[in-house]
Amino acid sequence: MKLNFNKYQGAGNDFIMINNRESVYEFDSKSVQFLCDRRFGIGADGLILLENSEQSQVDFKMKYYNADGYESTMCGNGGRCIVAFAKKLGLIKESCVFEAIDGLHEAYFEKDLVLLKMSDVGEIKQTEDFFYLNTGSPHHIVFVDDISEIDIKKKGADIRYSSAYESQNGTNVNFIQKKGNQLLIRTYERGVEDETLACGTGVTATAIASFINYENLRKPIEVKAVGGDLSVDFNMKNTQTFEDIWLKGPAEFVFKGEIEC
Ligand SMILES: N[C@@H](CCC[C@H](N)C(=O)O)C(=O)O
């Protein structure tokens with residue numbers, strides 16, 4: 001079949017966007033793997049279907065697949081990119097509400113940037129070596145002195161496949177370096193099984209863990225990913241509960257095309 005697609009990126013985290021409001025397309029894991037393949041397909045960290053939601057007062061539904069071909073949990077950058085895609089399709093104007101795997105999300109534009117409301121965070125594990133929390137997707141966070149020295153693919157995979165995360169289908173892994181008031185991040189993404197240039201749920205988890213870890217961080221928290229800058233604002237109810245969490249950053253159209261698949 002011939003498939004029309006649009007390609008978007010948010011801070012270098014890139015996605016194939018497909019308008020599936022007519023429910024024409026159904027993808028098995030092999031087709032998603034092929035489309036996301038950077039040599040044989042279009043190339044992307046993930047594939048996103050924009051579908052109709054059955055809920056009232058909701059503009060659309062987001063279905064997210066990782067590049068490994070399997071549907072996964074929430075994608076923050078993908079969420080911001082699908083909002084830009086919905087605007088390009090003329091479905092929304094300056095704001096919207098959409099349905100994703102972890103519930104409803106509000107979003108709006110501030111000039112070219114997209115602000116996305118993330119799910120509340122209700123449980124945070126803190127040890128001497130790491131933080132672990134779920135911001136729609138699971139994130140393990142390690143603070144290091146110099147992120148440029150880390151072998152992200154190797155160290156990330158060691159943690160992602162460790163017995164601690166076996167029963168929950170693994171985790172994403174983030175390495176953070178604090179430089180003044182700025183946080184530098186590099187992320188190993190589950191389902192891509194490699195470093196990606198940015199991860200929205202990872203940046204959100206990092207901002208929250210860093211706010212607990214360091215006493216003097218000012219909000220909104222600025223996070224510098226390899227592919228671009230994002231910022232996170234939130235309300236801390238107590239050390240275990242964060243709400244009103246907003247992820248802000250770029251979401252850009254790259255190109256569109258047609259592919260036989
Ligand atoms: N790129 C993402 C996270 C996507 C989900 C992740 N790979 C997983 O399977 O947990 C983001 O921007 O949040």
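The count begins at 1 with the first shown residue.
Just so it is clear, glycine is given a Cβ too, placed from its N, Cα and C backbone atoms.
Note that the coordinates shown come from a computational prediction; the quantities given were computed from them, not determined experimentally.
In the three-state DSSP classification, C75 (active site, proton donor) falls within coil. The active site, proton donor annotation in TrEMBL covers C75.
A coil conformation is recorded for C199 (active site, proton acceptor) in the three-state DSSP classification, outside any helix or strand. The active site, proton acceptor feature in TrEMBL is assigned to C199.
Residues annotated as substrate binding site in TrEMBL: N13, N66, G76, N77, N172, E189, R190, G200, T201. Under a cutoff of 8 A between CB atoms, and with a sequence separation of 6+ in the same chain, the neighbours of T201 (substrate binding site) are T73, M74, C75, G76, M118, T135, G136, S137, H139, N172.
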Q.
What whole-number value in Å do you get for the largest C-alpha pair distance within N13, N66, G76, N77, N172, E189, R190, G200, T201, the residues recorded as binding substrate?
A. 15
Q.
Cα-Cα, whole number of Å: R190 (substrate binding site) versus C199 (active site, proton acceptor)?
A. 11
Q: Enumerate the residues of the same chain, N13, N66, G76, N77, N172, E189, R190, G200, T201 excluded, that satisfy the criterion Cβ within 8 A of the mean position of the Cβ atoms of the recorded substrate site; list them in sequence order.
A: D45, G46, C75, G78, S137, T187, T196, C199, G202
Q: Determine, to the nearest whole angstrom, how far the Cα atom of C199 (active site, proton acceptor) is from the Cα atom of N13 (substrate binding site).
A: 7
